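J.: Shown below is the structure under consideration.
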Amino acid sequence: MINSALMNVMTAAAFKAGRGLKRDFGEVENLQVSVKGPGDFVTIADKKSEKTLFEELAKARPGYGFVLEEGGVVEGSDKSHIWHIDPLDGTTNFLHGLPIFAISIGLERDGQIVAGLVYNPATDDIFVAERGAGAYYNNRRIRVAARRDMAEGLIATGIPPLANAKIHPKFKAELSSVMTRAGGVRRLGAASIDLAFVAAGRFDGYWERGLKSWDMAAGLLLIREAGGYVSDADGGQNMLKTGGVCGGNEFIHRQLLDLLKKA
Ligand code: IPD
Ligand code: CA
Ligand code: CA
Ligand code: CA
């Protein structure tokens, strides 16, 4: 595990917010739900988790800024540090009683992600990374998978809700191209977990478009610190801006990017 003051702060905040999510997951049928957009839901559990994370992190690191999925941007007095926080990644899974959801916390320092944490309170799985210190899953060091051929690999993706018009046309072509070449394709429904699973070598590769910084900040660092490659879906390094992500080991990342380019 990473035993730094920063990671202790991040894990303490995640465990506290996670206790609330666990309780709410146990009685999800009674939760208050509102609709943000087509196929896009938010519950009182998302909001409570975000409030806890915000309060704990602001207390431990005063002045840092925030990009919060539900609360938006909170400017800090310290302009070099920004937390990117998804208080409940995988809300749709949560609402359907599927134990595949996570808290995702990424810390950006002067434009670089320097710490990341993905915690699933339903399974008590935690993935953490700090820049230069490696990536860990429940205390064990992790590495991306070694498979070099996509035909033997398991590739994950995200499917936009209700065929989101901006993402859908290109995505359909990409999916059909990857489907014909990959050993298997999965859609778990929580981008932060998809990225963490690439870091842990469970998935060989992953791509998605239309993500936000809070979905991916932590996961991008996990993959890099696990020895993997990540870019946006066009091969650039503007993931936080373009919302596209493509990741895997050196070989699968390259093969996946080629397929996306040709699709
Ligand atoms: C969503 C999940 C999903 C991804 C969507 C995200 P949310 O996050 O990560 O896997 O495909 O693009 O918006 O709304 O459940 O936090
Ligand atoms: Ca959401
Ligand atoms: Ca999310
Ligand atoms: Ca969320």
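Residue numbers in this text run from 1 along the chain shown.
Note: Cβ is positioned from N, Cα and C throughout, glycine not excepted.
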J.: Out of D194, D204, D215, which does TrEMBL tie to the same Mg(2+) site as E69, D86, L88, D89?
T.: D215
J.: I want to check the contact list for D86 (Mg(2+) binding site): same chain, sequence separation of six or more, C-beta distance under 8 angstroms. What comes out?
T.: E69, A102, I103, S104, S192, K212, W214, D215
J.: Check each residue in the chain of D89 (Mg(2+) binding site) that is at least six apart in sequence and keep those whose C-beta is under 8 Å from its C-beta; list them in sequence order.
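T.: For D89 (Mg(2+) binding site), the qualifying residues are F101, A102, I103, S104, V118, A190, A191, S192, I193, W214, D215.
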J.: Which entry in the list of binding-site residues, E69, D215, has its Cβ near the fewest other Cβ atoms, using 10 Å as the limit?
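T.: Counting other Cβ atoms within 10 Å of each of the binding-site residues E69, D215, the minimum falls on E69.
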